[in-house]
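Report on the following structure.
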Amino acid sequence: MKKQDMNRDWIATARTLSQALPYLQRYTGATVVIKLGGHAMGSDDAMEDFARDVVLMQQVGVNPVIVHGGGPMINAMLDKLDIPSSFVDGKRVTDRATVEVVEMVLSGLVNKRIVQAINRQGGKAVGLSGKDADLMICDQTNPDLGFVGTPAELNPDILYNLFGHNVIPVIAPLGAGHAGETFNVNGDTAAGAIAGALKADRLLLLTDVAGVMSPEGDVITELTAHQIRDLIADGTIAGGMIPKTETALRAIEDGVRAVVILDGRAPNACLLELFTEHGAGSLIRAD
Ligand SMILES: Nc1ncnc2c1ncn2[C@@H]1O[C@H](COP(=O)(O)OP(=O)(O)O)[C@@H](O)[C@H]1O
Ligand SMILES: CC(=O)N[C@@H](CCC(=O)OP(=O)(O)O)C(=O)O
């Protein structure tokens, strides 16, 4: 490479770094909860990119917490085992046989895939579910849904201990019941409850669309709680986006500073969101 080109590259890098500096400072010591949905997980390469971003985030002083889903992976295992499954209002009807499969797939296959990917990038990740150290105690959501839980009591001390040892927690969305039951919790709901208990600086909900879309198909880059309620009422926000935006509202009520719904499949989605002015997706703050 010619010296002139090397200088130009160096100047571009220096400019990028100096632009990132105020953002890096803003997030030093911050807690960022990232919900990685099953649809956003993608290929091994995509997982590697995600893991690299998480490790980099930690190296610049952020405490990242990963809460994952895995709906498509649960579906595949239930199909293999010939166990039929159905959803009501975005929640899986979960009988005893189903909750066993949900726990095996989420706490086993999916959780360990993410833990291993982060560790391969030089991080120190530990996998947990809401059952570990009583992190997330649940009530039954509705008897018609079976073993589906609503987070009722959060005990995040274990997470602070892990932060103190530079460990990245990776959490499967299962909760313990007061009578020893295992509850299946929607991944967005679990991430919101954990972010609320930590009073996180950011909750990033990674999904397979660019953000909350207007009826014209444009991403709505900033939304208040009030606007979300209007968009749900007029049908613009529908399907799986309803629990996601409701989670965002609840998390903000619980003290999370801001929630971003963004496309987890886009390269460097989390880093660009946190450390550049371009941001990504839809940012939701209190009114
Ligand atoms: N206004 C909207 N903007 C964006 N997505 C929407 C909207 N209304 C409904 N959706 C649907 O919500 C889906 C995201 O929810 P979901 O499939 O549950 O995500 P995940 O599996 O990542 O948790 C989108 O793929 C889209 O089909
Ligand atoms: C109660 C309930 O529906 N739990 C979800 C948990 C996994 C999840 O939420 O996965 P995604 O984030 O990939 O959708 C389920 O059984 O599919």
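Positions of Cβ are set from backbone N, Cα and C atoms, glycine also.
Whatever TrEMBL says is automated annotation, not expert-curated.
Binding of substrate is annotated in TrEMBL for G70, G71, R92; the matching candidate from N184, N268 at the same site is N184. In the three-state DSSP reading, G70 (substrate binding site) counts as coil. For the domain 'Aspartate/glutamate/uridylate kinase' (31-262), the model gives a mean pLDDT of 96. Filtering K35, G70, G71, R92, N184, K244 by Cβ distance to ligand 2 (under 6 A) retains the following recorded positions: G70, G71, R92, N184. Summary of the substrate site environment: with the site residues G70, G71, R92, N184 set aside, the chain residues having Cβ atoms within 8 Å of the Cβ mean position are G38, G69, I74, V102, V105, L106, P173, N186, G187. Neighbour counts were taken at the CB atom with a 10 A radius for the binding-site residues G70, G71; the maximum falls on G70.
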